[in-house]
Amino acid sequence: MAAACECPEPSAPPAGSSAESEVPPAGEEEDEADDESSRSSGSGRESQGPEGGGGAGSLAVSEAEPLSRMDSEDSISSTLMDVDSTVSSGRSTPAMMNGGSANKNLSYSCCWDHCQTPFSCSPDLADHIRSIHVDGQHGGVYVCYWKGCKVYNTPSTSHSWLQRHMLTHSGDKPFKCVVGDCNASFASQGGLARHVPTHFSQQNSSKMANHSKSKEESPSKAGLNRKKKLKIKRKRALARPYDFFDAQTLDAIRHRAICFNLCAQIESLGNGHSVVFHSTVIAKRKEETGKIKLLLHWTPEDILPDVWVNESDRHQQKTKVVHLSKLPKDTALLLDPNIYRNSSKRNTHIGTLKEHLS
């Protein structure tokens, strides 16, 4: 771990001033707790003025991540999403470390190794770090050389991680809240994303409180509303115009049809009402008249009987299309027992009706 940054440009902050900290990766929860406690106590002592003590200024950013975990964009993004700060949060920025808001001529110095370039504002420092020190690294390995950083000289393969990480050193907070008169700004988009819903949750909680008060004041009105809701619920329960034959059901039926064709090894035509049979020659004979006959065998198997045809008719008899109603009933059940299931049930039902009538 490198020594703390001792930049010549920024003045020394009070000992009670809050130090900039970033939520550390997994495995450094104790550092995070220490940073949070020092930040809360420091924000309370800041109002007492510079008499609270002083010391050498240093930028200590608690972000130590091993190479195996820093290389994961998702883990780094989730870690950085916890880094949120507002204008009034008490986190130290280069402006605060150079003497607070009372000094108008603030100086922001780059604490990168072998670089002490001063700047008048934190956005300029952030642009300098991004263009010179971050984008200038090539080769697939990216390292933070900011003096005093807890991940100093720790390699990473994520270029975007290093870009987001350097925002904690520059003090730049480019993500600003646009809700109402809120002046909060954040160093990461994740912090802004978590901050914005807090405005609406406060509004919703106030609305719910007012709504509960109105119910308590007028219980009879609440009872009427409950009855109306029950009536509407009953009406909806009576008729539900939903079509359950959706795309998923159609896919399931199509899948069963494909499985049926594969198991039965058949082809169908006319919306599945006709079966296509294919013939193969299994025997050949020559009659006394000199004509040559061929014995054709039909597939699917055991549905149609083998037949002798003239050799000249072989081309026409390669395939035969037979309607399901024309198939022999004793052998058609070999295709699938469901083919005549409805008709058999219908005949059974008609027979029972006749018995009752007689």
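Placement of Cβ uses the backbone N, Cα and C atoms for every residue, glycine included.
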State the residue range annotated as zinc finger by Swiss-Prot; the candidates are 147-169, 216-238, 308-330. 147-169
Choose the correct range: of 175-199, 250-274, which one does Swiss-Prot annotate as zinc finger? Give that range. 175-199
